[in-house]
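*Asks:* What TrEMBL shows for this protein is this:
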- 316-430: domain 'ABC3 transporter permease C-terminal' (DOMAIN)
- 1-38: signal peptide (SIGNAL)
- 307-331: transmembrane segment (TRANSMEM)
- 361-387: transmembrane segment (TRANSMEM)
- 407-428: transmembrane segment (TRANSMEM)
- 449-469: transmembrane segment (TRANSMEM)
- 475-503: transmembrane segment (TRANSMEM)
- 524-545: transmembrane segment (TRANSMEM)
- 798-825: transmembrane segment (TRANSMEM)
- 846-869: transmembrane segment (TRANSMEM)
- 901-923: transmembrane segment (TRANSMEM)
């Protein structure tokens, strides 16, 4: 029998003889395999093929044709679609008058003329339709309107019927499973549905009335199974604000080929064809790639970088497992020292002894690989529905990739083998006489190992710094972290030995524990390194999260004062002054409100033409210099403050808003009589001195007006009309409001103001219940906006930081438990000696607690010290990426470094103390005297 065959047989018998220890090692080795197998299975199962998506969108039809009204270039798979360009690279405006382009809206009739004989066209459906409100006793609920005919048998592949049937008339709707669950409605129930908008779409006092309909059935959209959807007949809830692109599912004999697709493109349609997905034309026949060479986004480079970073992260995880499993193999080898001594006395050389220990890693690694793969696959299958629901992601179906799973199982074998290397080398080098007598050998660390480790730390640090400060290269930073961590692991035995020199400052049990750890650093170092690696990774992430949170907190700018509240009303098309005043009265009744005001703005327009809007006309010397980059603009007072933080209320298409003195008081937070008098006299209130046209005793402000323009114009022209109004200057620069005028100030220029937001001053901070009541009132008025209360910057990072501490704590407690168990076993002779000279029984407990505290404390301190370096590098790398774009306004922000003090306190102090308490609590006080050999 070969030496490897004998070694594997011995390893198998040894594993079966020590079932508990073997089970622990197999569990540790199986854990990363199970994680990798589960992640691979979930990733493959979440992938949706183009063919699957096509069936979910068009059922049994051959193609989905969408009306875009302009000639188009597209890719065969519809990943790219852009307007046709002429020789001068002009697009839509110059080509709308082309005689070849149809002028009538898309319909079944004019589409049929473009299709071959025998084609079938489904009823038109609206893509990206509007939202509808469902009036419910529990408050408002919103759903997306979908008007495809789900009763069509050829569209059966787009939905899954849960209960009931498809809508058979305009008096019926079907609900998605998600929406039906939220409303607690079933097939046969009735609901009231209100479309977005107003009765005439042009400013009536009341929103559209709710329409009572019967729920005919419950369905689930296969493409969007977690969306809240109302399935209805076309046109039942159509309003001016529900316009979307019209699409037609078509069936064509032989499918839709590339020539037919190009003909439809020329008539203003895009085409998603099943035939083209299966058999795309050559790239040379696709004009899109010539007209838009950079139009199709390729994520190959990003995927490569992501995979590289993921591979490095997986390597760090495997290193963690090796460090945790290594002591278990060391225990096995230590307990078999006499057996190895007998083998050595019988003539076995170091190579054979080394193979026996390595065979332990192979056998247990193979078991861990197989068990881990099976557990991972089973776990993925069990959590697949929950995973899709939790991530709100559509799953493609349960899929297994045997080669990838086999590779994951092989990782278990490799990890087990790597974990057994150090004990195997130590066993091969042990003295036969020392092994047979059971005496301890002298612990020493080869000088080459820490030297190699130091080189690794230096090179890794250089990679981290170079990748962060010069390129912002995530792969380089990750590789540097891995290399530096490997080097630090190699240096850990020396660091443990140096820590032993501090023992004289500790009490008896602490002194014994620290010196024992230094003397037996081959046992202590792997556990310390495992804790160090886990704590370092968690520290890096915690530092990045904490610093990002500190930067956001430092630069957070609210447009409201603390305790103020606002309700945005949309772009003004659906809310008139009467509705706004009525809603303000209702909200005042449920809030601790002291005053309220209506902010009016210019809407974007609901039709094809946008209304004129005013703009403050500055003097040339007061204008913001266009040559400045983003960072310089943020520092130039002429450019005004940047709009950071949350956009709490909506001002429409212009920052020149309309309102009364109450609005001035709410925005300023105090009474300014001069500003209020100017506003009452028909003037304007401005907040930036550079907006003034003339200063002095009678300041003025000038305005220009953007002329109304249709949607096909890329930029609205500036009108020659100007207006100059008396002005009151209040030194309170704002990014959201440049000036306040009366609602009638610009009526002669065609400017129409409408309510955009309601503002409320409160005597105290509203409670969450009061905020919810106000939010329900906004919804009941048919407004699809959220009510907002300014509560300042709200940080939730402590949850993530404590979660990181918990992950590090699990590794710390596990590694400390393994190291402490080994230490107590090795210290049996010392404990017996202490008992013989009169030591109390509790010394055993105190020694166990001290051993755990030393291991956990050393690992946590080293981990925190090392983890801060890549954290600083990552933060600086992000700053470098921002600085690379001079137009980015974030350049004006200084990078913030904020240590996560809560996390550091937990990891450095609380967790080592918990490890010590746990080790002391689970250790017996009684010392059993044993007969010694030798």
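First residue shown is number 1, and so on along the chain.
Even glycines carry a Cβ here, placed using N, Cα and C.
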*Asks:* In the domain 'ABC3 transporter permease C-terminal' (316-430), how many residues does DSSP assign to helix, to strand and to coil?
*Replies:* 99 helix, 0 strand, 16 coil
*Asks:* Mean pLDDT over the domain 'ABC3 transporter permease C-terminal' (316-430): what is the value?
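*Replies:* Mean model confidence (pLDDT) across the domain 'ABC3 transporter permease C-terminal' (316-430) is 81.
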*Asks:* Let me spell it out: take the transmembrane segment (798-825), skip the flanking residues so only those 6+ beyond its ends count, and list any with a Cβ under 8 Å from a Cβ in it.
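*Replies:* Tertiary neighbours of the transmembrane segment (798-825) are 320, 323-324, 327-328, 330-331, 334, 513, 516-517, 520, 523-524, 527-528, 530-531, 534-535, 537-539, 541-542, 545-546, 831, 844, 847-848, 851-852, 855-856, 859-860, 863, 900, 902-903, 906-907, 911-912, 914-915, 918-919, 923.
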*Asks:* What residues in the same chain, six or more past the boundaries of the transmembrane segment (475-503), come closer than 8 Å to it by Cβ-Cβ distance?
*Replies:* 305, 308-309, 312-313, 315-316, 319, 323, 445, 449-450, 452-468, 510-511, 514-515, 517-519, 521-522, 524-526, 528-529, 532-533, 536, 540, 854, 858, 862, 866, 869-870, 873-874, 877
